[in-house]
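> Below are the features listed in Swiss-Prot for this protein:
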{"type": "MOD_RES", "residues": "5", "note": "phosphothreonine"}
{"type": "MOD_RES", "residues": "7", "note": "phosphothreonine"}
{"type": "REGION", "residues": "9-236", "note": "region 'Interaction with NR3C1'"}
{"type": "BINDING", "residues": "51, 93, 112, 138, 376", "note": "ATP binding site"}
{"type": "REGION", "residues": "228-275", "note": "region 'Disordered'"}
{"type": "COMPBIAS", "residues": "228-241", "note": "compositional bias 'Basic and acidic residues'"}
{"type": "MOD_RES", "residues": "231", "note": "phosphoserine"}
{"type": "COMPBIAS", "residues": "242-255", "note": "compositional bias 'Acidic residues'"}
{"type": "MOD_RES", "residues": "249", "note": "phosphoserine"}
{"type": "COMPBIAS", "residues": "256-268", "note": "compositional bias 'Basic and acidic residues'"}
{"type": "REGION", "residues": "258-578", "note": "region 'Interaction with NR3C1'"}
{"type": "REGION", "residues": "261-582", "note": "region 'Interaction with FNIP2 and TSC1'"}
{"type": "REGION", "residues": "261-694", "note": "region 'Interaction with FLCN and FNIP1'"}
{"type": "MOD_RES", "residues": "429", "note": "phosphoserine"}
{"type": "MOD_RES", "residues": "452", "note": "phosphoserine"}
{"type": "MOD_RES", "residues": "560", "note": "S-nitrosocysteine"}
{"type": "REGION", "residues": "590-693", "note": "region 'Interaction with NR1D1'"}
{"type": "MOD_RES", "residues": "603", "note": "phosphoserine"}
{"type": "REGION", "residues": "644-694", "note": "region 'Required for homodimerization'"}
{"type": "REGION", "residues": "662-694", "note": "region 'Disordered'"}
{"type": "MOTIF", "residues": "685-694", "note": "motif 'TPR repeat-binding'"}
{"type": "REGION", "residues": "690-694", "note": "region 'Essential for interaction with SMYD3, TSC1 and STIP1/HOP'"}
{"type": "REGION", "residues": "691-694", "note": "region 'Essential for interaction with SGTA and TTC1'"}
């Protein structure tokens, strides 16, 4: 075994040992750690390696301005040395080390600001793994150790040893053992039931899980017994007596056992995100992705970038090939991005790092600005994190847009994560426009290919102001809908929205590129072709109706009257008119809340549209519109204000239908009388156009 594993067993007669009491809060914390059962004990190694990494960061920083600081040891590394015989695990670093004052203050007599906060968090049910966020990670050593010895050497002081069995006190003495040069050695004397942390496999597993991206080499020292072959020449010494062979014995090579120390670097996967993206191959990204996620498939897309300026961070984001089966489960952690601060892993479930709709993104974010001991509460308030989040979302959307340029790959992406895009449209108002460009739908004209809203807009008819859609359960179901059939007759394309989340999506997505999204199954459907006719009819009817709209409900009738949500029904209007003490002002207001719905598929309405478009000043249109309106009133259960005028219009239509000329002197007196009472028909010189209505 290397010299570092030798614990200090030298005589201590001449060494002065000082004993100190732990500060009250630290003693409480240690008692809590020792006497409470925690299943997640393995985090002790992460914390000690993280501390070593911090110490190495400090000496490296000092050496930038004063290279002589590294004269006491140029190599910056961390060694892990398990010793099964002594039941010790030693963590050695060549970091900045501690002076005697540092030892006394940092490891026992001065409580960190986070000590009390962490104890409160623990008692409230927080996980022990959060210990490092409160700056007291060192004490996690007592999760597995009954005694801890810390030997340290700082450039400005002698070599000292700190030791405690957590009995409320610790000792500090000058260390006369093997000179370290510079750095710190933490020797854990493990509890009898914690020897699993001496196993090579277990140590490798923990380092891979928690510390594989530490910026300094972590080397594991393992003693291996090897069978060493001994040649015949070596085996026989010059003085050996001649060997007498046993009769019948096989010729066998002599073997002897030899104990060797294997050194294996555990974190060869260097922080790939710190390298220049141009120097990294797809294979390297693939290996890193698999080591990060344990996914058996390669990633679908990757985005590697860094942000510099007032804020500095690097990020590496991956899109997996398939969505996890529990993507939208409530109990699932909110994201899969690991947060590092200066190469030290902080957490992998920081909800503030990325919005929920992007929770399928895997990767790492490494910030230079966040403090290492940041807590969840601090993260929630952190302005730095808000800026990081905004940048991550922006880069994710860029990545999806780039992916959309490759139809095949985007199809795979959309099959897996379309729900996330739609959830984003519902939740993320700031990026709604960009997200809407990523949507893909089947339409009544696209066949088996999904198209974007932009594609739909390029195929829109001239003067079409709306994007028409229908929601339903399956493509076949909505394709066979009567609503879709009507629009297809008019040459209009309808988008098929067949996922439940589409309903929530379109609640927020009101328009795309200035075109309003309109459901073909809801009231208020406007066909551009009939917009002009509806406007003309409203102008003619003035206050008689609140609005004129294209109907979704009519099949055989040319038009009908419906009341608005707040207007009176036909029956209610009849009842109110019969009231002796009625309020006439209310009558006029409530009675006016009628909607005239026209059937775009009816020949009367189509011919009327053509008539109005052929000559906007055709006065016969006015009579036809009023006649249609009054007839619709009757068929919808309402009464007429002036039945006689309506009757006169009907008689006039009958005359036209029979081909009777108004100027014919042989016309009967009754007809003449009717004609006198009736207002002159506007535009009656063109009887042929009136006949087109039939």
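Each Cβ is built from the backbone N, Cα and C atoms, and glycine gets one as well.
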> Quick one: what's DSSP say for the residue listed as 'S-nitrosocysteine', helix, strand or coil?
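Its secondary structure by DSSP: strand.
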> Determine the Cβ neighbour count for the residue listed as 'S-nitrosocysteine': the number of other Cβ atoms within 10 Å of its Cβ.
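By my count, 18.
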> Tell me, by DSSP, whether residue 452 (phosphoserine) is helix, strand or coil?
coil
> Say we define neighbours as other CB atoms within 10 Å of the CB. Which of the recorded positions 51, 429, 452, 603 has the fewest?
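If we count Cβ atoms within 10 Å for the recorded positions 51, 429, 452, 603, the smallest count is at 429.
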> Could you check which of the modified residues (429, 452, 560, 603) sits closest to residue 51 (ATP binding site), going Cα to Cα?
429
> Given the modified residues 429, 560, 603, find the one whose Cα is closest in space to the Cα of residue 138 (ATP binding site).
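Nearest by Cα distance to residue 138 (ATP binding site): 429.
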> Within 10 Å of its Cβ, which one of these binding-site residues (93, 112, 138) has the largest number of other Cβ atoms?
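The residue with the most neighbouring Cβ atoms within 10 Å is 93.
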> For residue 93 (ATP binding site), name the DSSP secondary structure in the helix/strand/coil scheme.
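The residue in question, residue 93 (ATP binding site), is strand (DSSP, three-state).
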> Fill in the CA-CA distance, residue 452 (phosphoserine) to residue 112 (ATP binding site), as an integer in Å.
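That separation, Cα to Cα, works out to 56 Å.
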> Average pLDDT across the region 'Essential for interaction with SGTA and TTC1' (691-694)?
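Here the mean pLDDT over the region 'Essential for interaction with SGTA and TTC1' (691-694) amounts to 40.
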> What three-state secondary structure does DSSP assign to residue 112 (ATP binding site)?
coil
> Can you see whether DSSP assigns residue 51 (ATP binding site) to helix, strand or coil?
helix
> Nearest to residue 112 (ATP binding site) by Cα distance: which of the modified residues 429, 560, 603 is it?
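The answer is 429.
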